[in-house]
Amino acid sequence: MVMDTNSLRHIFSRVDADKSGSISANELQTSLSNGLGTPLNIRTVQLMVAMFDRDMNGTINFNEFLGLFKYVQDWQTCFRRYDRDNSGSIDLNEFSNALISFGYHLSPQFVNLMMRRFDRNRGSIAFDDFIYACVCLQTLTREFSRYDCRGIGHTVFSFEQFLTSAFAVII
């Protein structure tokens, strides 16, 4: 859904509860739902605000909000593509298919580990946790690639060992 600038300005002003001209992670969290009727995970919201906070002041202004809004829409489209049963969450099989389509060929054991790390004991991953899982995986992949000069998926340790260790630290 493409929205015009005036509509987005209206959304921005509604989310900007304190009328400061910028949106904090807490303000953004209260305005977004994960598709299961609960607010987005604050860690996901903080991650997204940090990604789009170009002036590094801890909040996003309207121009930064435009990028974040498109980013969330793109992730919603992706999420809906893999939520085949329209349950509002992605089960293990749907999550595995999404990761494969992103080019990740991980063992079933590792996909299970990711599922357990991001499902909040629900057995499925809601929209916000899907974003968080995918952005973490992309960030860690980018970091790993800096050291995997030959692009073979191994350095001093395997990719999955690196991810396992990193997930234990960041989650």
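Any Cβ shown, glycine's included, is placed from N, Cα and C.
Taken from Swiss-Prot as is:
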DOMAIN    3-38  domain 'EF-hand 1'
BINDING   Asp16, Asp18, Ser20, Ser22, Glu27  Ca(2+) 1 binding site
DOMAIN    40-69  domain 'EF-hand 2'
BINDING   Asp53, Asp55, Asn57, Thr59, Glu64  Ca(2+) 2 binding site
DOMAIN    70-105  domain 'EF-hand 3'
BINDING   Asp83, Asp85, Ser87, Ser89, Glu94  Ca(2+) 3 binding site
DOMAIN    106-140  domain 'EF-hand 4'
| message | Please report the Cα separation of Glu94 (Ca(2+) 3 binding site) and Asp55 (Ca(2+) 2 binding site) in Å, rounded to an integer. | response | 37
| note | Excluding its own, the Cβ atoms lying within 10 Å of the Cβ of Thr59 (Ca(2+) 2 binding site) add up to 20
| task | Quick one: pull the CA-CA distance for Asp83 (Ca(2+) 3 binding site) versus Thr59 (Ca(2+) 2 binding site), whole Å only. | result | 31
| task | Based on DSSP, name the secondary structure state of Ser87 (Ca(2+) 3 binding site): helix, strand or coil. | result | coil
| note | Same-chain neighbours of the Ca(2+) 2 site, Cβ within 8 Å of the mean position of the Cβ atoms of Asp53, Asp55, Asn57, Thr59, Glu64 and not counting those residues, run in sequence order as Ser22, Val49, Phe52, Arg54, Met56, Gly58, Ile60, Asn61
| task | Using the recorded Ca(2+) 3 site (Asp83, Asp85, Ser87, Ser89, Glu94) as reference, state which further residues of the same chain have their Cβ within 8 Å of the centre of those residues' Cβ atoms, listed in sequence order. | result | Tyr82, Arg84, Asn86, Gly88, Ile90, Asp91, Ser124
| Can you count helix, strand and coil residues in the domain 'EF-hand 1' (3-38) using DSSP? | 18 helix, 2 strand, 16 coil
| Overall pLDDT of the domain 'EF-hand 3' (70-105), taken as the mean | 91
| query | Cβ-Cβ under 8 Å from Asp16 (Ca(2+) 1 binding site), same chain, 6 or more residues apart: which ones? | reply | Ser22, Ile23, Glu27
| note | Rounded Cα distance, in Å, between Ser89 (Ca(2+) 3 binding site) and Glu64 (Ca(2+) 2 binding site) is 28
| When distances run from the Cα of Glu64 (Ca(2+) 2 binding site) to each of the binding-site residues Asp18, Ser20, Asp85, Ser87, the nearest one | Ser20
| Closest of the binding-site residues to Thr59 (Ca(2+) 2 binding site), Cα to Cα, picking from Asp18, Ser20, Asp85, Ser87? | Ser20
| request: For Ser87 (Ca(2+) 3 binding site), find which of the binding-site residues Asp18, Ser20, Asp53, Asn57 come within 10 Å, Cα to Cα. | output: none
